[in-house]
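Heads up: the structure comes next, in structure tokens.
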Protein chains: 2
Amino acid sequence: MDKLKQMIIEKGEIREGNILKVDSFLNHQLDADFLYEMGEELHRLFKDQGITKILTIEVSGIAIAIMAALVFKVPVVFAKKTESLNLDKDVYVGQVHSYTKNKDYKIMISKKYLNENDKLLIIDDFLAEGSAMRGLLDMAGQCNAEVKGIGIAIEKGFQKGGEILRSEGYNLKSLAIIDDMKDGKITFRDE
Amino acid sequence: MDKLKQMIIEKGEIREGNILKVDSFLNHQLDADFLYEMGEELHRLFKDQGITKILTIEVSGIAIAIMAALVFKVPVVFAKKTESLNLDKDVYVGQVHSYTKNKDYKIMISKKYLNENDKLLIIDDFLAEGSAMRGLLDMAGQCNAEVKGIGIAIEKGFQKGGEILRSEGYNLKSLAIIDDMKDGKITFRDE
């Protein structure tokens, strides 16, 4: 998606440890019109997959996921990271390692909102090592839902998550794949 | 907003401690079309206020806020709850007490995304004691942004947050105000 690549180049900030900050439009401040365009692009990529539900994970996946849901006309379910007193007791649980926060945590989805009839599009803002995605796929597997697609905004192609998921046969598409971000210069993969 | 009241009656679940769960459309599973309608209603209520930015707080405020932003054609900024390694060091900090999680925590907004020229609409999913709102108002005050409106999806009118904010002169409007939810029966305030 050319506009996303352009936004990353213009507004992204590279930090130590291969961290790309896109806080001005995706992760802290949100550009609603642009996120809707990303939702339209995800619909273009996955519209023939019979998607019944979009699955994502709090926090940063929610805004893109709900914009895509508005185009797909299906509900979103987002996995929750912390054990709230309010959450149902009857939940699917997945395990995630956060590299940016350097800790493991559990994610949960109430069994009410995910079932074996669901044909899922899993959406997230970033894909790097794929740890959060692994937690989501694990939960989808626990309820025998079918994962029809994985839609990512920004994939760090120099980390191994995307490569492994594609080799496992997942229908993974990313709106922008960064192959290199050394010395402050971002190189995108040709599509 | 009649449709919201109807959704609360049909799909809300009352739990011990005056907790209302609306996980099927607002807090875990998200009904994108309905959230867009809530965004349109918030626009109808605040469209004459010259809003330049929508401010909310992760997690549950984000979905409503970005739908409203799509109608208002302004950006959203959401306050972050946890100190991520990725967050800017130059931040506004607010203090919040969570009654459902029974703990205090800090919320943060990067100074890049909030300034004295902003005319803010603050949006959140619930208003009860108003602790999260107080944290957001504190940060808006730190940068001298003008709070032109507060838009809430569901206000618990039997808790004191809304009454205090209105007495302080804030332009607070809620899409549904619950005056009582004793014995499993929800009574809405007449508008």
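Glycine is treated like the rest: Cβ placed from N, Cα and C.
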For the xanthine site that TrEMBL gives with B:Leu20, B:Asn27, which of B:Lys119, B:Lys148, B:Lys156 also belongs there? B:Lys156
Going along the chain, which residues at least six beyond the ends of the transmembrane segment (B:54-72) come within the CB cut-off of under 8 Å? 26-27, 30, 32, 35-36, 38-40, 42-43, 47, 78-81, 96, 107, 109, 114, 120-126, 132, 135-136, 140, 151, 153
To the nearest Å, how far is the Cα of B:Leu20 (xanthine binding site) from the Cα of B:Ala128 (5-phospho-alpha-D-ribose 1-diphosphate binding site)? 11
Taking DSSP states H, G and I as helix and E and B as strand, how many residues of the domain 'Phosphoribosyltransferase' (B:39-156) are helix, strand and coil? 38 helix, 46 strand, 34 coil
Using the centroid of the Cβ atoms of B:Leu20, B:Asn27, B:Lys156 as reference, list every other same-chain residue with Cβ within 8 Å of it (recorded xanthine site), in sequence order. B:Gly12, B:Ile19, B:Lys21, B:Val22, B:Asp125, B:Phe126, B:Ala128, B:Ile154
Would you mind reading off the Cα separation of B:Ala128 (5-phospho-alpha-D-ribose 1-diphosphate binding site) from B:Asn27 (xanthine binding site), to the nearest angstrom? 16
Do you know the mean pLDDT across the domain 'Phosphoribosyltransferase' (B:39-156)? 93
